[in-house]
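First the structure, in the form of structure tokens, and then the observations on it.
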Amino acid sequence: MLWYLLYPLRGTTEAPVLDPNHPFRRLCTRYATWAARHVKTVLPLSGAVVFLFLYLFPFLYARDATDGASLLPRNVWADTHPLRGGPAADADVIVQSAWIHGSYMKALDRDLLLAALDLQDRLLGPAVDFDPRRPQPHGFPPLADAQAGWDRRQRDALHLVYGLTDESWFFHSPLQYWRGSADVIAADPDLIATVNAKKLQTTSVNTTLRHCLVFSGERFDDRRLVGADALVITLVHRKNSPVGRQWARAAEELARAAAAEGDVPWRVIPPDGRASESRLYRIQFRPMSWFDMTLLTTAYSLIILNMLLRLSKFRAVKSRFGLMVTILVQVAAAILSSFSVCAVLKIDLARVPYYAYPLVVLAISMENSFRLINAVVLTSSAISNSDRIGEAFGSMAHIAVASHFHNWLVLYALSRVTSTSISAFCTFAAIAILFDFFYLTTFFLSVLSVDMRQRELWELERASLKRSKRKRGLAQTPAHSWRDAFFPTRIGETTTPTRIAGTVVVLSFVLVAQAYYNPTGDGRWLSQMFNLFQAVPRMPQPAILADINQARSPDSWLRIQDHETAREVIQVLRPGAHSFVARIYSPIVFVLKGADRTPDMPESRLPPGMHTFLDQLPRFAAWLLLMLAALRQFTNHLIKDRSQDNESSGPADGSSVLSVRALSKGHTLDVAMLTASPDGRLVSVGLDRAIQVWDVPSGARARVLSDPEVPLENPFPVLSMALDDRAAWLALVTWQRVFLWSVERNEWAGTRDVDLGGHRPEAVYFATKGPGVAPSLVLVRRNGIGLEIEIDKEEAKDFVICKTPLVWAVSFAEKCHSQPHAPPAILTLSRKGCIHLVRQRDDEWVSTEVQLGAERETRDAHSLVPIPGLSMYMVGRSRSVDLVDVHSSAIVHTFVTEPMKARTLKPVCWAGSQQPGLASFTLAYISDETGDLIVQTCLPDPDGAASHFGSCPAPSSPPHPWAPTKEAIQRIARPGVWEALPSGNVVGVRQKLAAGAPVSPTAPSAALGLRKRMAASSSRGSQAARSSSSTPAPQGWEAWVLSLHGDDSEGPRFETRPLEDEATADADGPNHFHHHLLISEPGPITRLGAMSAAVGMGDMIKVVSVGIEYFFDQRDGAGGGGVGVVGSGGGSNVALQALGVGSRRKRPGGGLGRARKESNPAEPGWMGT
């Protein structure tokens, strides 16, 4: 909600992103990484904190107020709220009281009790064995004038037990414990034991003589009353009751006698004995209705349903149910801790129903928990789990802190304008969300780390087993569930309802709950709530009271009254009602003359239960140690035999990090083109003129409908294609037209005529202009003219890039944190070696030639490779690579390479786990001399001044100088087709040779040349025998990975895995290769997400994953608005093979048909008609 409120100032509702160099982010990242690595320490410690408050809870709370503990909430709306009103305002009852003090905290002294009994008789008349229901032998005499007094029978006739009238009355007195008899008091051997034994004694009107009602300044020890400072006698009467007038007259007489130094042993305050100050109070005890219960139950159900729906979208966790339980346990721990702290602070929480307390905490906790899970999902899964959690927590910690601070401000503001009960609830919620953040950073972090470790092990174990037969019907378009219609979110996103749920729930609940404390009940509670800014003045107390050192003031005594007493009084005064209005007078204080009112010891600020807890501290310590040992053992069991997750993300048991999945039954001939979107959508084009759209996470596919007989629905020959980031639009480029296919609606969206000048386009991609705006399709022609096609408009416009024909073009969208919404751009390279940077400004494309310096102009550049995260790009040359800053066009660094095959350069930028910038920078390319894959890694010099390469600079700042580096080179022979992944890995597919077979140094790389079919018939046996003399006989295919981010002690890790492994078998069975086209070379390859690559293997597609792939909307490729397939001169990461290649269709007899005629091998990127 905070970011929505700041929208007028910031212009966006998205939360800000802290610079990776920010001290707060680095601190949070380091802490979370440490916590994830030390689960055995953090989880037991957080459990110890929970155990502390759980152990304290029974000492601090009780079901009633008879033993000094705080009251537990019940399902009632209870309150004692002061009202505005003068002396003439009407009230249901009038309350007068007398406070009787002896020496300090000696109210239960026998002499004081006897003197207080005499005082009570003077104020109310004799009350020995008081029972107004006692039958009168001669009936009640007629009522005499109050001024003349009346006897006991006349007084009792007006008692409330005979019905509620304008003259009714009743009273409470601690002397009723002894039946109002001096003889019983004198004969009692243990006065304190009697008080504790009769703490639940009832009066004649069925009200309970609770300690808090008849004493003030109580002192408890082990739930027993051991002392009190004052005896409290309370008279409750109606406005016209003669008993009330008799009380007032008697108090004035006692005051005059005390002033005259008569036989009265009392000092009276005020000296005249008149309680002239009074105030109106509304006392409420409203049980929750069925409507209240239904409303709160609906709110809880919606929160839990939202939690389940959100968790169902996460595949980065193993146990969704376990995480839900973790969130609920975290909320319960925060609530329990907040209750304990509020009891220590003596905050009364019994006024709001207990059923309402978890609501606010659950909403806010869920918001922060999902924010952390989303951050983990958005973090690269290539790094170790602890580093991943550290980076995720560092990226969201400032948002969580700001959100908590915002909620604290909201709760503070609400506490100032609401009733006392709601103000106490706001205080509880503020403390609870503080504890919730603490448990989020300890308990939840630890559990999430354990869950991610178990998820990783489960995925690796599942990949090592034989895949079960897949469900049928994968060829159909996946149906969207009803929840996707109502919650159209993607993994990694935080929905708007989740981001504002906490604040909305706080405001909604407080405003609704305030209606239950409306003083007048006329529905104008909202306006009256804000009138509470004008605080009701407190009842003034005589200044002389400061001299007697009262242990508890009258205002404080009134606030601690048990709400059960209010319920009992309401049932007596207004049966069936939920509240009454009382005019409460300031008490008349009687201090025994000669009493020592000097405090003998300072009053403890802690509640009585804390002293009992401190007495049992050794027992608590023993239970705590036992609990820590049990929790430590349980933690060891959770992470037993799991990967230790230190610096390396590889599995601890040495199992393979590679997994292979087959996508089959989509084509009958070779797959010739591939392109993918970040969320796991894959589009393939085959020689069989079939275009398939695969949903890789689910395995479903949908075919792009085309009719060769209808020109408007015949997108062949396909020269290039592009898929936008959301996988909503697919563009297919032919010689004269661009075909647009709506992936979401599964139908054609129209065509656009284009003129390509007889050449394939150098680049095709979708440019995203902003959220909610349809992307535009950008084509870069070989003649240096660009074309932008508006998807939602019937218009297209050309723009000039370069006057010289182009040999390379690539899209470039900066993703630096300093420019989160940088406009799309294009990098081009011409035949003459000039480089142009084309940017879109105000719907116009502006081309600027890049000047790299005179000494660089004549060198043989052959490719441009963007690095969006650094706002830089690489210029590939025959023996070197220049790293160029995109803003200043300055060459930051020059890497010397081996002779490089043109157009094979790819970067691997590996970000560190805690430091900003890059931990390493890797170049991958094919050697022009040997055909090997050269992986050249530049590492920071440990002896240098910097430990990381610089991060992206601001547009106006100069490029960061690179620290002195050292280089490491790895070689991979026969790389086949390969791809560099943003996770810091290089993956590929190549032929697997027999063990010990020699490799001819002159054998060409399997990634080069045209594809050919292996002969299976006897007519081709001799040809195979002849070829075996120079090239070892192939033994199938294998996937390989070079992990560049391994442990420093081990260095990069190289691993292979056979593609024919049973774990990769699809629905055709383990020998599925025998049911598909035989191939001699792999087909096109494209990156799929951050951890996977898809490669065409004949008529099927193999998805090779490193570790565990979680698909979400993450763009870290070259394309700024989509992933595009370009031709031999393009700059896409997708390697296109010649589409007019030799191919044979499989026949029933196992033989192969006649080869198709090759179509224009000079133009290898198009499909023959």
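Glycine is treated like the rest: Cβ placed from N, Cα and C.
TrEMBL has this to say about the protein:
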- 42-61: transmembrane segment (TRANSMEM)
- 288-309: transmembrane segment (TRANSMEM)
- 292-450: domain 'SSD' (DOMAIN)
- 321-347: transmembrane segment (TRANSMEM)
- 359-383: transmembrane segment (TRANSMEM)
- 395-415: transmembrane segment (TRANSMEM)
- 421-448: transmembrane segment (TRANSMEM)
- 664-704: repeat 'WD' (REPEAT)
- 1012-1035: region 'Disordered' (REGION)
- 1015-1030: compositional bias 'Low complexity' (COMPBIAS)
- 1143-1169: region 'Disordered' (REGION)
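DSSP states for the repeat 'WD' (664-704), grouped as helix (H, G, I), strand (E, B) and coil, give 0 helix, 21 strand, 20 coil. Of the Cβ pairs linking the transmembrane segment (321-347) with the transmembrane segment (421-448) and spaced 6 or more residues apart, 3 or more are under 8 Å, so the two regions touch. Proximity of distant same-chain residues to the transmembrane segment (395-415), defined by a Cβ-Cβ separation under 8 Å and at least 6 residues beyond the stretch ends, is recorded for 1-2, 15-18, 24-25, 28, 32, 364, 367-368, 371-372, 374-375, 378-379, 422-423, 426-427, 429-430, 433-434, 437, 440, 502-503, 506-507, 510.
On the 0 to 100 pLDDT scale, the repeat 'WD' (664-704) averages 85 in the predicted structure.
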